[in-house]
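Undergrad: Please read through the structure below; I'll follow up with questions.
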Amino acid sequence: MAKRVLVKYSGEALAGESGFGIESKILDYLASEIKTLVENKIEVGIVIGGGNFVRGVSASKGGLIRRTSGDHMGMLATVINGVAMQEALEYYGIDVRVQSALEIKEVCESYINRRAIRHLEKGRVVIFVAGTGNPFFTTDTAATLRAIEIEAEMIIKATKVDGVYDKDPAKFSDAVMLEKISYEQALQDNIKVMDDTSIALAKDNSLPIVVCNMLREGNLLKVIQGDSCAVCSKVFN
Ligand code: UDP
């Protein structure tokens, strides 16, 4: 069983059906799933995206807002989500720290690798926000980066689908879910479970990526425990 993991949620994961903002029912559910991991002595880092509020690419589309500023807005959106997740986890009695790649010291700690590791060792969940702190990156890349930095054994990309498919399951009814796929194949076949930068970073550092459905109750724990009933796809060599 993995001892330390990094879970990546997209911002949209928090939004529910509407795709915008934060739905407290979903937040509550996600926090309860993380609680199960903590109860099983798993050290958990979390990265949350910000797509439920702003994405730099969309914000800068009309030309009024520069992409760099749009990305700053997107990174700040991840802070909103991280603070919300912190509250939900604390509601369940879990010790949590939020660490930001951009300094916002009135709201949360700044990212300090050694401090993050110390929190994890003490059984605290650490939520990493503001992505990498740099425009033109994504929170998938931030998640991979942080996973490597905290020496997590895997990155779990928690999605609304069960895993990686050979084609888009929303478009093709005969799409087949792949249990395992190599980094090279994921890059070559342009399988968009994570962006290319994050897959390449995981590949270079031999970090396994596990794609699973966050909406299947108890699945996250099964994935980490290596339970044969776990529903997921693994990207590794
Ligand atoms: N972002 C960024 N640098 C980073 C991470 C994120 O500039 O290192 C910005 C970017 O604009 C991105 C937005 O933050 O679109 C929200 O992140 P992302 O799109 O990855 O969120 P998700 O799709 O996971 O909700």
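Cβ atoms here come from the backbone N, Cα and C positions, even for glycine.
According to TrEMBL, the record shows the following:
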BINDING   Lys8, Tyr9, Ser10, Gly11, Gly51, Arg55, Thr159, Tyr165, Asp168  ATP binding site
BINDING   Gly50, Asp71, Thr132, Gly133, Asn134, Pro135, Phe136, Phe137, Thr138, Thr139  UMP binding site
DOMAIN    3-213  domain 'Aspartate/glutamate/uridylate kinase'
REGION    16-21  region 'Involved in allosteric activation by GTP'
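Give me the structural setting of these features: burial, nearby parts and distances.
TA: Under 8 Å, Cβ to Cβ, and six or more positions away along its own chain, Asp168 (ATP binding site) finds Ala175.
In sequence order, Gly56, Arg67, Thr68, Asp71 are the residues near Phe136 (UMP binding site), counting only same-chain partners six or more apart with C-beta under 8 A. According to its DSSP assignment, Phe136 (UMP binding site) is coil.
For the domain 'Aspartate/glutamate/uridylate kinase' (3-213), the mean pLDDT of the prediction comes to 96.
Under 8 Å from some Cβ of the region 'Involved in allosteric activation by GTP' (16-21) lie the Cβ atoms of residues 52-53, all in the same chain and six or more residues away from its ends.
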Undergrad: Give the maximum pairwise CA distance in Å, whole number, for the residues Lys8, Tyr9, Ser10, Gly11, Gly51, Arg55, Thr159, Tyr165, Asp168 listed as binding ATP.
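TA: Roughly 25 Å, rounded to the nearest whole number.
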Undergrad: In whole Å, how far does the CA atom of Gly51 (ATP binding site) lie from that of Thr132 (UMP binding site)?
TA: 15
Undergrad: Taking only the residues the record lists as binding UMP, namely Gly50, Asp71, Thr132, Gly133, Asn134, Pro135, Phe136, Phe137, Thr138, Thr139, what is the largest Cα to Cα distance between any two of them, in Å to the nearest whole number?
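TA: Comparing all Cα pairs, the maximum is 14 Å.
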